[in-house]
Amino acid sequence: MTTDTIVAQATAPGRGGVGIIRVSGDKASDVAMAVLGHLPKVRYADYCDFKAADGAVIDQGIALYFKGPNSFTGEDVLELQGHGGQVVLDMLIKRVMDVDGVRIAKPGEFSEQAFMNDKLDLTQAEAIADLIDATSEQAAKSALNSLQGEFSTQVHELVDQVTNLRLYVEAAIDFPDEEVDFLSDGKIAASLGKIITKLDSVQSSAKQGAIIREGMKVVIAGRPNAGKSSLLNALAGKESAIVTEIAGTTRDVLREHIHLDGMPLHIIDTAGLRDTTDTVEQIGIERAWAEIETADQVLFMVDGTTTDAVDPHDIWPDFIDRLPKNLGVTVVRNKADLTGESLDATDEQGHKVFRLSAKTGSGVDELKAHLKSLMGYQSNLEGGFLARRRHLEALELASSHLALGQEQLEVYQAGELLAEELRMCQLALSEITGKFTSDDLLGKIFSSFCIGK
């Protein structure tokens, strides 16, 4: 870990009412003596002059001094809060760097120091960047919950439960004559079942948190000329796709990134799905299926003039049977302006069915509201947390180890192999909070932060 003292502008570049310079490290007190002429009282706001080496006043403002470990980074920290002119702030940084041993901070280095000094775990550090980047009230609140440790607490609870069960299993292994009794008395199976249930719950919350942070991928799919491109244009609010009466106009994947009340949504328009001998169209259809397989939700676009059916299995059973398991499907009966259908939404065989006209826009707002609800918009605004792709991958890995461990217990009565799967599960979960994390991953995470954070 670095022993350098670091400095950076903590406020955004450019003009502003207030500009803040942050200093962290052993030399923070030396910087205070050089720039202020005295060391401010710890945790008190001190209004004073910020001076150049020759004693000339660079600016006037408030100095705050925090003695480590009682600071954000866990080190001595000095904050100089002055006027927000960029020239003044640059002059002040240059003055701070006159002190030997002080250098410009790397992106995210203040947060990295806080992590290294156990002031934050990795999910809390990531939440700082997510809070800054939040595009909706929901995302901001969820990021704040993560910063306050809601996600970390749930992960720590899981790690503790896995660790305790592992110790119990290893104790059984230490007494080989009694190992079979230990493994078959039901206590281990019950404990393992509770952990799996808890992990499933955390995974579900994390997936919702990832959608709030990263956006939901929605693929519009269906037969040619069902109105898929018209729906893309209606959702995007602009003419993104060419729309004609000719079937097969869309031959490639079209993407639009939009926000619904701040909630990020990735909309994918695809080629119409059908049997064809056209080589180019076949490629487009293959790409359509590739997008469907990685989607969070599919909008199954149906030309309402061709069928009265609302159950997707009745409309096109082969299409539904090919979809990935657990992929959400919303049926969109289009061309209500021609069929005269009422613009309402119903539940049919576990699927939401919307009736609308992509051409006129009637009923599209109701579909947008549905998509927002799928992303968790205003759903339990006080709860929830944000999650990243790496968190989901770690939770999935932990879940797979628990499943293998359950198999070792129930099928093979193999205590040592169960203990090993529990150990691997423990490592996967601990990587989320940064207890066991590679330096390469840490570098990648913190380098994406703002300088000064």
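Counting begins at 1 with the first residue displayed.
Note: Cβ is positioned from N, Cα and C throughout, glycine not excepted.
Positions annotated as (6S)-5-formyl-5,6,7,8-tetrahydrofolate binding site by Swiss-Prot: R22, E79, K119, K453. In the three-state DSSP assignment, the secondary structure recorded for K453 ((6S)-5-formyl-5,6,7,8-tetrahydrofolate binding site) is coil. In sequence order, A10, P107, G108, F110, S111, I128, A129, I132 are the residues of the chain that are 6 or more apart from K453 ((6S)-5-formyl-5,6,7,8-tetrahydrofolate binding site) and have a CB within less than 8 Å of its CB.
Residues or ranges marked as domain 'TrmE-type G' in Swiss-Prot: 215-376.
According to Swiss-Prot, the feature GTP binding site maps to 225-230, 244-250, 269-272, 334-337. The number of other CB atoms found within 10 A of the CB of A271 (GTP binding site), across every protein chain shown, is 27.
Counting Cβ atoms from all protein chains shown, N225 (GTP binding site) has 20 others lying within 10 Å of its own Cβ. What Swiss-Prot lists as K(+) binding site is N225, T244, I246, T249, and the listing cites sequence analysis.
Every protein chain shown contributes to the tally, and the Cβ of S229 (Mg(2+) binding site) ends up with 24 other Cβ atoms within 10 Å. Here Swiss-Prot flags S229, T250 as Mg(2+) binding site.
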*Please report the DSSP secondary structure of K335 (GTP binding site), reduced to three states.*
coil
*Of R22, K119, K228, K335, which of the binding-site residues has the most Cβ neighbours inside 10 Å?*
K228
*asked:* Around the (6S)-5-formyl-5,6,7,8-tetrahydrofolate site formed by R22, E79, K119, K453, which additional residues qualify by having Cβ within 8 Å of the site's Cβ center?
replied: A10, S24, S71, F72, T73, V77, F110, S111, A114, G452
*Report the mean pLDDT of the predicted model across the domain 'TrmE-type G' (215-376), rounded to a whole number.*
91
*From the Cα of R22 ((6S)-5-formyl-5,6,7,8-tetrahydrofolate binding site) across to the Cα of K228 (GTP binding site), what is the distance in angstrom?*
52
